[in-house]
Structure formats: C-alpha cells, structure tokens
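Over in Swiss-Prot, the protein carries these features:
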ACT_SITE  D109  active site, proton acceptor
BINDING   D6, V7, G8, N9, T10, N11, A12, V13, T132  ATP binding site
BINDING   Y100, G107, A108, D109, R110, T184  substrate binding site
BINDING   D129  K(+) binding site
Amino acid sequence: MIFVLDVGNTNAVLGVFEEGKLCQHWRMETDRHKTEDEYGMLIKQLLEHEGLSFGDIKGIIVSSVVPPIMFALERMCEKYFKIKPLVVGPGIKTGLNIKYENPREVGADRIVNAVAGIQLYGSPLIIVDFGTATTYCYINEEKHYMGGVITPGIMISAEALYSRAAKLPRIEITKPSSIVGKNTVSAMQAGILYGYVGQVEGIVKRMKEEAKQEPTVIATGGLAKLIAEESNVIDIVDPFLTLKGLYMLYERNAILQHEKGE
C-alpha cells in the first residue's frame, strides 16, 4: 500500500492506494503547530479505524504548499512508518515540460494535478483547483505546462466580506433557492456562489480564446462539485485528482529508482 499526503493551506487530504486504486481517504485541518508525534498519533487512529497499521504502508509521497509543516511530516514518516517519504519538489521526476519563467515557482499541487490530468484525460487541458486559492492551469496539446491563473479562493472571498462588513454574518457556502435573495444570508450566498461561477466562466473563456484551443476543463478541490453544477464550462469533476497524481508520481519515481538500482 502507498500512502499519499496532499497538504494545502487550509486542509490536508490523505489517501491509501492499493494496486493503483484509492481505497481510503481522509481530510484533516492543516495545523502548522503540530509535532511529528501529534501527526503520527492522528494518522495512526485514522489507519486503525479502517483496519490498517503503519506496517501496511510500503511507500509514502508528500506534496505540500506549506513549507513550515514539512519538517514535522518527514520526521513523522521516518519515526512511525520507518519510511523516508518522497517529497514533490526539486529532484522529483515529473515528466512535465514546464514553460514557466521560473519552473521552481510552480506549486507542488499544480504540478501533481497536471501529471494526473494529462495521464487520465489527455491534452489540451485546463485544470481548475478550488482550494484556499483557486488555481487555473493550462496544458497545451503538446502536454507542456504553459502557466495559469491564481485567484483568491471562494472561502477567502466569503471571509473577506464577513470580516470587512460589520453587519454581515459569516455564512455557509451553499446554493440559495434563488439568485434574488430575500434575506441577508441568501443574498450573500447568491452573490458569493454566482459571483464565483461568473469568475470561473470568464477566466476559462479568456484562457480558451488566448490558447485558440478547446481544452477539456477539469475541476477538483473541495467545492468543485458545487461550482460545476452551476457552471457551463466545466467538463469533468475529479475530486481526487491530486491524490491520483501523487500516486502516479510515486510509481514513476519508484520505477526510475529501481532501474538505477537504488
């Protein structure tokens, strides 16, 4: 079994793959203050709840956009799993041709999504990942990573409205019964949801026009399904695209290491 860990700014998503299939997955809050022991005990409980143990895991890969947390996670893997994790970053073999001005600036999550998107859905592609920040990545027909767009995530937008407007409440992000709100909460829900849908459709439209292509549009991330249901530009929702990409990267690098005799 292979353990994959995708650490975002708000949440971390964990998964276990067996023979290429995602058999378990969990989501937990990203906590920069937890120690390797706290993470170890938390993951131990998650595994045991599914009848698994540290000893069942034969390999680990980690992707993180939160550098301060990596030391604790790497120590945790070595202490409890007795495995040195593969970390998405410099030195890992992705197979991607990245056309960014500085390829090192491309976030680990965006690289992982691109790897999975190309392998699962071909190219050209636009991948929209609804996280703390929403990222749009464009992969052309030659499977080159061309760049993309980064915007504040929908939760950041909602929190900004709540925190900067004294009389507006904190709300749940959900579909309202009507675009025309009949109270403050439903009016805010309509504004945040449909405003964000409009942003997605506008950015995707402009990316397609500039690329002069009709790429497949893949959505992933926590709110992908909600946005996709209200949008006419998203072709496929794959909530586990990042976890699948992590597994693919693990397999690719494990094969290369085996061929080198490492």
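Cβ atoms here come from the backbone N, Cα and C positions, even for glycine.
Model, not experiment: these values are computed from the prediction.
Nearest by CA distance to R110 (substrate binding site), out of the binding-site residues D6, D129, T132, is D129. Same-chain neighbours of the ATP site beyond D6, V7, G8, N9, T10, N11, A12, V13, T132, judged by a C-beta within 8 angstroms of the site's C-beta center, are, in sequence order, T30, V65, V66, G131. Every protein chain considered, the tally of other Cβ atoms within 10 Å of the Cβ of Y100 (substrate binding site) stands at 13. DSSP classifies A12 (ATP binding site) as strand under the three-state reduction. Here D129 (K(+) binding site) is compared against the binding-site residues A12, Y100, T184, and the shortest C-alpha distance is to A12. A108 (substrate binding site) is surrounded by 20 other CB atoms, counting those within 10 A of its CB over all protein chains shown. Cβ packing within 10 Å was compared across the binding-site residues T10, T132, T184, and the lowest neighbour count falls to T184.
In sequence order, V65, T135 constitute the residues six or more apart from G107 (substrate binding site) in its chain with CB-CB distances below 8 Å. In this structure, the CA atom of A108 (substrate binding site) is 15 Å away from the CA atom of T10 (ATP binding site). Reported as a whole number, the C-alpha separation between T132 (ATP binding site) and Y100 (substrate binding site) equals 22 Å.
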